[in-house]
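Peer 1: The ATP binding site feature in TrEMBL is assigned to Arg70, Cys71, Gly100, Asp101, Gly102, Ser103. Here TrEMBL flags Asp101 as Mg(2+) binding site. Annotation source TrEMBL lists beta-D-fructose 2,6-bisphosphate binding site at Arg446, 503-507, Arg541, 548-550, Glu604, Arg630, 636-639, Arg710. Annotation comment: TrEMBL describes 10-301, 377-661 as domain 'Phosphofructokinase'. Taken from TrEMBL, the feature signal peptide applies to 1-18.
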Amino acid sequence: MLLYLLYCISGMNAAVRATVRVGIYTGAKVYFVHEGYQGLVDGGDNIRQATWESVSMMLQLGGTVIGSARCQDFRSKEGRAKAACNLVKLGITNLCVIGGDGSLTGANEFRNEWSELLQILLKAGKITAEEAKRSSHLNIVGMVGSIDNDFCGTDMTIGTDSALHRIMEVVDAITTTAQSHQRAFILEVMGRHCGYLALVTALACGADWVFIPEMPPDEGWEDHLCRRLTYQRSIGNRLNVIIVAEGALDRHGKPITCDIIKNKLSFDTRATILGHVQRGGTPSAFDRILGSRMGVEAVMALLEATPDTPACVVSLSGNMAVRLPLMECVQVTKEVTKAMAEGRFEEAVKLRGKSFENNWNTYKLLAHVTAPDSNINIAILNVGAPCAGMNAAVRSAVRIGILQGHNMLAVHDGFDGLAHGTIEPMAWGYVGGWTGKGGSNLGTKRSLPASMIEEISLNIAKFNIHALVIIGGFEAFVGGLELVTAREKFEELCIPLVVIPATVSNNVPGSDFSIGADTALNTITTTCDRIKQSAAGTKRRVFIIETMGGYCGYLATMAGLAAGADAAYIYEDPFGIHDLETNVEHLLEKMKTTVKRGLILRNEKCNANYTTDFLFNLYSEEGKGVFDCRKNVLGHMQQGGTPTPFDRNFGTKMGAKAVLWLTDKLKECYRHGRIFANTPDSACVLGMKKRAMIFQPLFDLKEDTDFEHRIPKTEWWLKLRPILKILAKYKISLDTSETATMEHLSLNID
């Protein structure tokens with residue numbers, strides 16, 4: 001089978017690398033088309049065969065290594081006929097297109113008229129009948145590459161997360177000076193006619209106001225905005241941030257710009273238009289993994305395609321790769337624009353998809369400060385090791401709780417603080433500015449409650465606590481179970497509680513992701529990039545890197561995918577001396593190619609005997625005369641740092657959802673003038689599972705938990721390990737048991 005690759009937009013090198021290597025792995029010839037559709041029309045040296053080595057050292061590069069260009073020629077039938085001729089001459093019958101809705105629509109049109117183009121070429125004598133027969137049909141698969149995240153059918157387009165990283169770097173830098181000078185800052189972000197970047201940025205930095213095209217502000221927004229900012233200043237906030245999407249409009253369709261907003265404010269105000277800085281820079285770990293997964297899925301879709309298979313686009317739904325008919329997605333994307341033009345704004349938000357709608361609803365909840373009265377007290381504590389994003393979850397939970405009318409209590413130092421009574425109320429301003437702070441402002445400890453359960457029950461009664469939000473890692477899960485188990489003896493513990501997973505290890509049962517893991521993953525990936533650069537300069541060098549994670553191999557595996565590692569040793573995938581021998585021989589062969597470097601990742605508890613020192617000594621001994629070795633233990637740097645946009649946004653949504661669930665649960669459990677909760681479903685883990693955030697009773701998750709090794713018994717990301725090995729050029733079979741099947745796009749409209 002022949003595979004052709006078109007690369008239309010920047011930030012997609014991970015997808016290019018995966019498509020090329022998996023294509024070669026399946027026995028296909030893979031071709032680069034340089035300069036996008038223009039290269040396809042011009043042919044010649046613009047269409048060149050790709051090799052395994054030609055996509056080496058691409059993962060950490062932004063932009064496009066094979067170029068992209070707008071092409072008027074491809075818009076005409078004559079130009080498309082030239083492109084078809086170039087493909088037929090090379091025997092290319094499969095097309096992988098990476099770009100936005102315009103690029104993908106053009107590819108679909110190209111496919112639809114393929115037979116007609118062949119007839120034109122036959123009549124003109126440009127191709128032979130045999131060539132036409134050999135290329136009788138064209139298969140197309142698309143991957144969406146766009147920082148705007150404006151393509152319906154996927155929760156995230158490749159490139160969006162990297163753009164958010166660039167935006168948040170600027171926002172964090174600006175907010176420090178704004179806070180010093182008590183200024184209001186207006187920031188315009190990209191997105192064309194889609195407000196996703198603006199909306200997520202607003203959530204991630206705790207902005208006071210956001211303007212997005214899908215939901216223009218109500219009439220009189222100017223006065224409302226001034227009142228909002230004045231109130232924020234009155235309660236002690238020194239900083240105001242307003243985020244504006246470049247396509248923002250008012251209810252009459254007139255643009256809302258930074259200058260227009262600035263002229264409405266009486267504060268010392270500065271405006272910044274971020275511009276093309278959002279398109280550049282190193283791709284985030286999320287984008288590299290997303291691109292790699294989508295690239296593999298695209299090749300699988302092409303392999304399985306028939307002449308009757310519609311052109312499809314590979315998308316992300318929650319945590320799952322899905323295939324959707326390309327033109328269904330394009331049609332819904334156009335419907336969004338139409339809905340906005342006709343003033344059907346609520347419908348436009350829904351058409352953007354569930355992820356966009358959830359972000360908008362969360363922002364709306366957090367944007368208001370008036371609250372009803374309530375006599376409910378909800379306590380929040382952090383448990384386990386600190387991680388980035390914990391503070392974002394606390395801030396969100398506190399403010400949503402206040403908006404529900406509850407009294408929110410801070411418990412310092414985990415279960416120790418609950419036992420010792422280090423508890424205090426939290427007002428709206430208490431958590432101001434917490435979203436972008438790493439670590440745990442509440443303080444956290446690993447102590448479990450079983451040994452101090454009596455003191456905890458006494459303080460729950462003393463402070464009249466009606467519900468608990470426990471944010472943390474495996475200790476939070478186990479601690480929650482211990483509290484629920486103790487309900488039989490201590491009636492004070494019969495209150496609803498929710499556990500929000502927050503740990504770099506990503507090892508909490510009941511959730512595919514934990515808050516903090518994305519930040520740690522980016523830290524590891526950035527370090528590996530620098531190490532690979534060092535190895536590339538030195539030549540013939542192999543680095544052994546130890547990552548955190550306890551017995552959970554998530555960080556090592558995903559960092560291996562994001563950084564292009566040659567191997568990643570983890571506890572869940574047992575290995576022995578024969579595997580180590582295979583890995584060493586693999587590196588010895590690799591040093592004979594043009595890629596003279598190696599990267600080995602080792603999870604800290606993958607094996608008690610094959611330690612990092614052992615692996616270093618083994619590779620050093622076996623590589624004598626061919627390569628030398630270095631080792632690096634990353635340690636606690638993986639737990640620190642500023643939270644990534646993903647962790648800020650994820651933490652914000654988790655905190656909000658947890659408190660809203662507790663509010664409903666408290667109503668259910670209110671009996672005879674007091675709260676009494678003793679059913680299994682009154683103590684849950686809030687987790688991201690496949691396509692949705694769901695609540696699962698702690699007791700139900702016990703069966704799926706390996707308590708000795710502190711990991712879930714089933715871990716979704718293990719399915720990705722074969723991809724890591726294939727991309728490193730190991731001869732193994734690809735697990736296709738969960739290969740995506742074609743679905744239809746369901747419209748999110750009532």
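Glycine is no exception: its Cβ is also placed from the backbone N, Cα and C atoms.
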Peer 1: I'd like to confirm something. Which of the binding-site residues, Arg446, Arg541, Gly550, His636, has a Cα closest to the Cα of Cys71 (ATP binding site)?
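Peer 2: Sorting the binding-site residues by distance from Cys71 (ATP binding site), the top entry is Arg541.
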Peer 1: Roughly how many Å separate the Cα of Arg446 (beta-D-fructose 2,6-bisphosphate binding site) from that of Ser103 (ATP binding site), to the nearest whole number?
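Peer 2: Cα-Cα distance, Arg446 (beta-D-fructose 2,6-bisphosphate binding site) to Ser103 (ATP binding site): 51 Å.
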Peer 1: Sorry to bug you, but what's the C-alpha spacing from Gly100 (ATP binding site) to Gly550 (beta-D-fructose 2,6-bisphosphate binding site), rounded to the closest Å?
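Peer 2: Given the Cα positions, Gly550 (beta-D-fructose 2,6-bisphosphate binding site) is 40 Å from Gly100 (ATP binding site).
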Peer 1: For the binding-site residues Ser103, Ser505, Gln639, which one has the sparsest Cβ surroundings, going by other Cβ atoms within 10 Å?
Peer 2: Gln639
Peer 1: Roughly how many angstrom lie between the C-alpha atoms of Gln639 (beta-D-fructose 2,6-bisphosphate binding site) and Asp101 (ATP binding site)?
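Peer 2: Cα to Cα, Gln639 (beta-D-fructose 2,6-bisphosphate binding site) and Asp101 (ATP binding site) are separated by 38 Å.
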Peer 1: Write down the Cα-Cα distance for Asp101 (ATP binding site) and Arg541 (beta-D-fructose 2,6-bisphosphate binding site), rounded and given in Å.
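Peer 2: One finds 43 Å between the Cα atoms of these residues.
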Peer 1: For a quick check of understanding: among the binding-site residues Arg541, His636, which residue's Cβ has the most other Cβ atoms within 10 Å?
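Peer 2: When each Cβ's neighbours within 10 Å are tallied, Arg541 leads.
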Peer 1: C-alpha of Ser103 (ATP binding site) to C-alpha of Ser505 (beta-D-fructose 2,6-bisphosphate binding site): distance in Å?
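Peer 2: Taking the Cα atoms only, Ser103 (ATP binding site) lies 39 Å from Ser505 (beta-D-fructose 2,6-bisphosphate binding site).
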Peer 1: Sorry to bug you, but what's the C-alpha spacing from Ser505 (beta-D-fructose 2,6-bisphosphate binding site) to Gly102 (ATP binding site), rounded to the closest Å?
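Peer 2: Distance between the two Cα atoms comes out at 40 Å.
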Peer 1: Quick check on the binding-site residues: of Arg70, Arg446, Gly550, whose CB has the lowest count of neighbouring CB atoms inside 10 Å?
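Peer 2: Fewest other Cβ atoms within 10 Å, among the binding-site residues Arg70, Arg446, Gly550, is found for Arg70.
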Peer 1: Over all pairs within Arg70, Cys71, Gly100, Asp101, Gly102, Ser103, the annotated ATP binders, what is the largest Cα to Cα distance, rounded to whole Å?
Peer 2: 15
Peer 1: If you compare CA-to-CA distances from Ser505 (beta-D-fructose 2,6-bisphosphate binding site) to each of the binding-site residues Arg70, Gly100, Asp101, which comes out shortest?
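Peer 2: That would be Gly100, nearest by Cα distance.
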